[in-house]
């Protein structure tokens with residue numbers, strides 16, 4: 001056989017690139033270049049490794065394109081720097097919901113809709129006749145008092161509507177919640193269902209019947225109850241898929257009345273819808289005394305009637321503006337890192353979404369702004385606007401029948417009205433919570449204006465729980481002591497308005513009492529109520545005392561903190577009686593060097609560390625005097641390092657140094673063993689302090 005024709009190759013053979021061997025002659029420099037070129041051709045780059053991009057001089061120094069110029073100009077106008085823009089964009093990618101997960105969630109929602117509308121009906125019975133309920137399901141509501149008028153029957157919902165941030169595209173990971181409104185048929189409700197919790201009883205029975213049938217469906221891996229924003233009169237039903245998608249989404253079912261069912265004039269903040277005789281179990285008073293208003297009760301009914309209208313308003317304002325949606329997502333992250341949106345009365349993501357709508361309607365935010373600009377604008381508004389003094393409204397109507405802002409300020413601490421002019425969106429937000437939001441907004445604006453390199457991480461990436469944000473922290477436990485505080489403070493109207501929730505009823509007067517007692521020592525007082533955990537459909541709903549611990553945080557002023565004297569008015573002044581009543585046996589008459597005789601309170605403090613803990617004495621004294629909460633129920637955390645510092649000083653004084661002789665000269669040399677021992681004691685003390693504050697540090 002002869003040689004193969006030119007151009008033919010054996011099938012499957014691997015042909016190596018031919019490398020010509022250079023001649024051994026020539027200079028050393030030429031041989032070195034040839035050898036380098038040979039190695040380059042013989043050794044291809046390893047797969048998977050990034051290789052540098054080779055650009056010619058013309059490509060390297062070419063002029064930027066119009067797209068690149070627009071991007072640079074946009075970064076300069078909308079952001080502080082390119083780094084900040086990259087950080088914001090990466091954060092938004094992390095918290096957004098991917099399209100694949102959206103498709104799976106949409107499929108689950110369609111299955112939920114099909115099963116909800118197929119739940120069988122129940123014949124009509126009295127509200128107090130609940131024998132038709134299956135034995136494995138409990139009503140998710142404390143029916144106190146139990147006797148109530150009215151009838152109930154179950155019919156499938158007239159309409160199933162997805163509401164909330166999922167449709168708007170502003171929900172953030174990792175916890176994806178989809179709110180679904182179930183419009184109850186008109187045949188279920190009666191004209192006077194707004195009175196004496198009748199509507200809320202029917203709402204709870206509606207959920208109990210749904211829970212029994214949905215729990216038997218193999219589609220759902222978890223069916224349980226939870227309180228809506230911590231309100232114990234408004235439970236919701238939580239549904240999660242079975243299998244690998246169990247953590248994908250949580251669907252929350254909220255029964256609501258048909259549109260325009262309740263008369264809005266009956267739900268104004270000045271109206272009463274919970275009769276005192278029914279609530280206290282007494283006979284109706286015939287003296288003609290007026291009933292106390294129930295503004296919070298009325299607001300909870302109005303919230304259910306406005307679910308769809310709020311969704312339409314948010315969709316109109318945020319629908320096509322991606323920058324506004326990004327701003328809402330960043331604000332939700334900002335709130336979550338500071339735990340401002342947790343528990344009852346928190347400043348939720350829904351509130352910041354409506355606040356963005358308000359700023360757009362007042363032209364303080366434009367729809368072309370970026371998410372970072374929206375974040376700055378909202379924080380600036382929160383830092384400079386006090387809604388506890390001057391409320392705001394989305395209502396543009398000039399109807400004289402609508403209540404004025406002053407009427408809402410008399411009933412609520414924080415006022416932000418929706419577009420109807422009748423619903424206060426911040427009805428559950430306390431003044432302390434809003435002042436904490438203001439304080440954090442001011443700190444955040446200072447951080448943004450400083451343009452610090454770590455500003456993004458401090459603003460949006462670093463958790464800031466209450467234990468890290470305040471100087472002193474106190475825990476009230478058990479919460480059942482607040483029930484006695486309500487009786488001592490005579491908070492019967494507040495209990496009637498809050499449906500027996502003595503924690504919510506006592507919270508406002510309690511914080512006002514402590515703010516007045518701490519006076520100039522206090523810069524900020526805030527509270528934190530942990531969210532009530534979910535419970536199974538076969539369990540009784542958690543009681544008010546089961547919601548954990550009420551935590552109060554004190555941010556103190558350095559000026560006047562260590563003063564042991566509370567100076568009151570002169571003895572002949574009319575304010576002296578109020579001073580004595582407020583401070584009790586602690587108040588006493590004292591003569592001062594200027595000859596004045598005044599009421600005064602003197603605190604015991606022998607050292608500087610004890611002076612720094614004078615707020616502890618103030619808090620425990622006032623709570624025991626005015627609310628019957630003993631000192632044993634107040635777990636105070638303040639100055640935990642004082643004893644540790646004293647121990648370090650003693651250890652260092654005993655074996656902190658040793659004397660050595662070097663060259664006939666005495667030299668003082670630090671004792672390394674003593675220093676290391678001090679650091680060990682310091683580390684143990686820090687660990688004990690963190691454990692006492694229920695906080696874990698990871699290194």
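Glycine is treated like the rest: Cβ placed from N, Cα and C.
Unlike curated entries, TrEMBL annotations are predicted automatically.
As annotated by TrEMBL, compositional bias 'Basic residues' applies to 30-39. The domain 'Nrap protein' annotation in TrEMBL covers 178-317, 324-462, 468-627. The region 'Disordered' annotation in TrEMBL covers 21-42.
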Mean of pLDDT values spanning the domain 'Nrap protein' (178-317): 91
DSSP helix/strand/coil residue counts for the domain 'Nrap protein' (324-462): 75 helix, 5 strand, 59 coil
The domain 'Nrap protein' (178-317) - residue tally per DSSP class, helix then strand then coil: 55 helix, 33 strand, 52 coil
